[in-house]
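Student: First, the structure itself, so that you have it in front of you.
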Amino acid sequence: MGKEEKEFGGTPGAIGLIIFSHFVPFYFALSLQYSSGGLYFPSSFDTLIQNFKETCSPTWSAFFLYTGFCLLQLIFAATLPGLVIKGLPVPTENNRQYTYNCNALTSWYVTLVLVAILHLTGIIRLTILADQFGSVLCVAVICADILSVIIHFYAIQTKKTCRMTHSPLYDFFMGVWLNPRIKILGQEVDLKMLAEVRLSWLLLFLLIISAALKQYEAFHTISWPMMVILTAQLLYINACMKGEECIPTTWDIFYEKWGWMLIYWNLAGVPFVYAFHAYYILVNSLRTHKPVEGTSMTLVMILFTVLFFAYYIWDSSQAQKNRFRMKQRGTYVPRNAFPQLPWNTLKDPKYLKTACGSTLLTDGWWKFCRKPHYTADICMAMCWALSCHQWPGALPYFYPCFFTGMIIHRYTRDIARCKVKYGKDWTIYCDTVPYAFIPGLI
């Protein structure tokens with residue numbers, strides 16, 4: 001693999017991102033509690049500490065809720081039936097191919113049924129997540145940080161490290177263990193894939209459902225802006241679950257090590273930061289006692305239209321590319337997971353054969369631009385932010401700005417890697433598909 005190049009500005013950048021990543025979700029939680037999702041400015045440091053204690057102190061109920069959820073998903077990953085898929089050969093492990101039991105879709109359905117039963121019977125009301133948002137967040141952050149330390153030193157102790165830079169803080173941030181696995185009930189579970197696919201997105205959906213139920217309890221209705229968020233997250237998360245078999249061959253699983261960055265954002269950052277829009281709508285509807293007034297139905301209809309179209313491009317484009325790759329490797333297995341969208345599988349697609357043996361798809365959505373799914377993702381992110389239009393503010397736009405920055409960083413990293421890997425063939429590919437994000441523009 002060669003020398004490991006440092007990203008994010010090396011050690012100083014890693015330290016800055018760790019601090020920033022802890023600041024953002026707690027700031028959002030305090031903002032929701034004391035500023036109705038607006039900019040939060042405590043009058044003094046003592047006030048900040050007092051507000052933090054009141055809003056974000058961990059509780060035993062929050063601890064059992066969060067750890068119970070994670071443990072349940074771990075058991076589901078080990079026991080529920082799924083499609084067994086082989087990953088790519090791992091060069092640092094003598095080209096070993098790991099197997100993955102892709103049962104996220106089953107886990108998703110079972111979780112939804114179980115949560116509905118617990119809520120409707122009153123055993124565990126799902127609104128408890130909204131009531132203890134800050135406390136559960138604090139537990140998630142603590143668990144993510146502790147797990148990061150355990151994984152880091154266990155990998156070093158058991159010599160499971162790879163591609164280390166020998167800059168301790170940077171290696172802790174980026175990770176040293178590529179394929180962290182444990183045995184549960186006799187079955188091997190990949191922790192990185194579990195966290196990326198299930199813990200982050202499933203918890204996010206439960207947090208958003210909790211906010212919607214809290215609004216319904218207060219007003220006996222769910223507002224249209226909240227419905228936009230619910231619909232967006234339902235589509236997105238269901239797609240992640242139904243397409244899990246495509247994930248073992250992605251860059252995140254094949255190359256990214258499981259360090260603090262991935263652990264923290266999957267266990268704490270993604271669910272609690274991405275849930276902000278639903279809670280912004282909730283706290284403002286509770287503050288004004290007007291969940292419906294101020295809603296622009298014209299904008300809501302536009303948001304639904306853009307959302308569905310962007311989702312279609314996002315889902316079908318990724319299905320096209322991943323199924324093309326799987327057919328090339330002979331691992332494609334047709335699935336009927338709902339929904340199966342038109343044009344999600346290409347017949348006899350055009351592609352560029354490269355000198356290194358790989359292929360680059362130049363058909364379907366991929367003949368229009370090189371990253372159609374990124375463009376669609378950004379459009380969906382803007383829909384989330386604009387759903388908060390009843391009560392204009394700055395913080396709802398943090399996510400699309402943050403996400404766009406992350407996408408651009410990932411894109412530049414992809415380009416640098418592809419130029420090295422494909423050489424002249426990459427130039428030919430860029431000439432064939434000249435636009436990166438929007439045909440005719442960018």
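Using the three backbone atoms N, Cα and C, a Cβ is placed for every residue, glycine included.
From TrEMBL, for reference:
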type	residues	note
TRANSMEM	12-30	transmembrane segment
TRANSMEM	63-85	transmembrane segment
TRANSMEM	106-128	transmembrane segment
TRANSMEM	134-156	transmembrane segment
TRANSMEM	199-216	transmembrane segment
TRANSMEM	222-241	transmembrane segment
TRANSMEM	262-282	transmembrane segment
TRANSMEM	294-314	transmembrane segment
Student: Of the listed stretches 63-85, 134-156, 262-282, 294-314, which one has the most C-beta pairs under 8 A with the transmembrane segment (12-30)?
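Tutor: By Cβ pairs under 8 Å, 262-282 leads among 63-85, 134-156, 262-282, 294-314.
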Student: What residues in the same chain, six or more past the boundaries of the transmembrane segment (134-156), come closer than 8 Å to it by Cβ-Cβ distance?
Tutor: 22, 25-26, 29-30, 33, 55-59, 61-63, 65-67, 70, 171-172, 175-177, 180, 191, 203, 258-260, 263-264, 267-268, 271-272
Student: For the transmembrane segment (222-241), what are the same-chain contacts with Cβ under 8 Å, counting residues 6+ beyond its ends?
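Tutor: Contacts with the transmembrane segment (222-241): 104-105, 107-108, 197-198, 201-202, 204-205, 208-209, 211-212, 215-216, 277-278, 281-282, 285, 291-292, 295, 297, 300, 303-304, 307, 311, 314-315, 337-338, 380, 383-384, 387-390.
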Student: Go through the chain and flag residues at least 6 beyond the ends of the transmembrane segment (63-85) whose CB is under 8 A from any CB in it; none is fine as an answer.
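Tutor: Long-range Cβ neighbours of the transmembrane segment (63-85): 99-107, 110-111, 124, 128-129, 132, 136, 139-140, 143, 184-187, 189, 194, 198-199, 202-203, 206, 244-245, 248, 267, 331, 333, 335.
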Student: Under an 8 Å Cβ to Cβ limit, what residues of the same chain, 6 or more beyond the ends of the transmembrane segment (106-128), are close to it?
Tutor: 61, 65, 72-73, 76-77, 80-82, 198, 202, 206, 209-210, 213-214, 217, 237-238, 241
